[in-house]
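A short write-up of the structure that comes next.
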Amino acid sequence: MTSDSYDYVIVGGGTAGSVVATRLKEGHPSLSILIIEAGPDVSGRADVLDGTQWARLLRGDLDWGDLTVPQTHLHGRVLPNFSGKSLGGSSAINAGGWTRGEKENYDIWAQLVKDSRWSYEGLLPYFRKTETYWDPNGDSTVHGFDGPIKMEAAVNRQYPLREKVKDAWAAVGALYKRDMNDGNPIGLGELIENRVNGVRHIASSAYGLKDVEVLTETLVKRVIVTEKDGSKVATAVELVDGRILAARREIIVSAGTYRSPQILMLSGLGPQKELQQHGIEAILDLPDVGRHLQDHFSVNQWWKLKEPEKGLSVGSPVFNNPAHFKGLPLDFIATQSVPKEGLLKALSTDKEANPELHPVALQRGHIEVYILYLARNQEDPVIIPDGTHITTSTMCMLPTSRGSIQLKDANPETMPLIDPNYLATETDRYVLREGLRKTHQVLRETEAGQQFVISEAVGEGGQQVSADSTDEELNDLIRRRLGTMFHPAGSVSMGKVVDSELRVKGVDRLRVVDASVIPVPIAGHIQNCVYALAEQAANMIIGSP
């Protein structure tokens, strides 16, 4: 440390924090910028750079190790919710999926906050700015070709099931499209990952953080907010070790969906009654801090292969092409709609006032399915990765369930109470049921699917999904199997807690920039959205007086 005062102090050096810090320094070279990151610098760690090893990083030293509270609608199950604890944040441990979602997702966001800068067209320049698109023949009006985040597709890995999987999806109307990141992902798109030749692109390394001061393995206790001329002003941050670091211009909280609301509440900014319960002085009653939590969730299934001796899945001795191991072992991501009539009925069951006008009814990317050429499961059923099975994951991409982040106590080192409230609505249950039926149809009711899958693998006493499965049978499967896709957002929602320039309402010189501000579900893997969000945020801050 060379100073106790900076122009900008950024709390959190994850995906968004790395982008904002780098761009602010580029825009204001003479200003001092500090990132405070709870985790270490991992730019030289081989296990992190090898993007294919992401699953081994979960529950490790670079993961906060978060758990949900027992989930009411999942038989009381407690689910792990991974998030990155290092410079680069979750970009250092995630699976690398690079999908934008649907144009309508962003347009609904913009309408909600009454600011067209958050529409798809408003964010498009920032989507383009952040990426070096994988296909040199891609549409330059939609994609960027010289951004810091490089990517690749699975198209050249020559997985042996590629054409059969494509044919099976085509048989149910999911037609192939080479570019699923053009704002209209409906169909069968190429898997795109933010890595090149298997090497992960970490936000902090890709953006560089040139001339940004970085303080790693340092935990922030709170933001200090003082009164000045009748206004509340964020002036400094206090670290757990007692040090105080002042910000002359702004403090930017980029600690992620779970910890940004925790830091705000520890700073006296949040639901007044909750703060008082923990002996925290309520500087400003902001009842929506920690509320409106949303997350994508999925159900995995495993399928027995018809001819495993042909080397169709990881674990087979003849599944040995080196290219197969340069990324996730899958070819495509299918994005699909669910039947409108059933969706409107489910929304009515949830007592939504105008089902026809509900955002989930105005969008199409309800489910996402991928077929993974790898199978592993510890129980119900036990599956070992020996090349005899594959996995499907069926995801709810536009959830209507909302949860919360609350304080367990006033200790910043204590994990907050994370309650995603998974599967709280009939709409979410309906969407997943229809997704499971579609997945079964692809693999067991099409000629192409029957050519490579014999049956679904289920545990002892388990029941296979079929065309005749009842809603309650599928609901039971969902409750037992549902897991998170690690895409939490919304806990410091734009329009509720921050304004459309990401400024905390009622507090000067304090912003939040990360996934916690995203107010609506995005039908994509949200890191792509977070990069664009952070690029736009940096542009807004640079343009501020």
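Each residue, glycine too, has its Cβ placed from N, Cα and C.
What you are looking at is a predicted structure, and each value in this text was computed from that prediction instead of being measured.
Summarising the environment of HIS487 (active site, proton donor), the number of other Cβ atoms within 10 Å of its Cβ, over all protein chains shown, is 26. Under the heading active site, proton donor, TrEMBL lists HIS487.
Counted within 10 Å of its Cβ, the other Cβ atoms near HIS525 (active site, proton acceptor) come to 27, all protein chains included. DSSP classifies HIS525 (active site, proton acceptor) as coil under the three-state reduction. What TrEMBL lists as active site, proton acceptor is HIS525.
For VAL220, the entry in TrEMBL reads FAD binding site. Every protein chain considered, the tally of other Cβ atoms within 10 Å of the Cβ of VAL220 (FAD binding site) stands at 25.
Long-range contacts of the domain 'Glucose-methanol-choline oxidoreductase N-terminal' (84-107) within its own chain (CB-CB distance under 8 A, at least 6 residues past either end) are made by residues 12-18, 35, 37-43, 48, 51, 54-55, 57-58, 60-64, 118-120, 122-123, 127, 131, 149, 151, 180-181, 183-186, 189, 191-195, 200-205, 214, 216, 256, 327-328, 333, 335, 362-365, 397-398, 486, 520-525, 527-529. The domain 'Glucose-methanol-choline oxidoreductase N-terminal' feature in TrEMBL is assigned to 84-107 (among others).
The domain 'Glucose-methanol-choline oxidoreductase N-terminal' annotation in TrEMBL covers 256-270 (among others). As a whole-number mean, the pLDDT of the domain 'Glucose-methanol-choline oxidoreductase N-terminal' (256-270) in this prediction is 99.
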Within the domain 'Glucose-methanol-choline oxidoreductase N-terminal' (84-107), residues counted as helix, strand or coil by DSSP: 9 helix, 2 strand, 13 coil
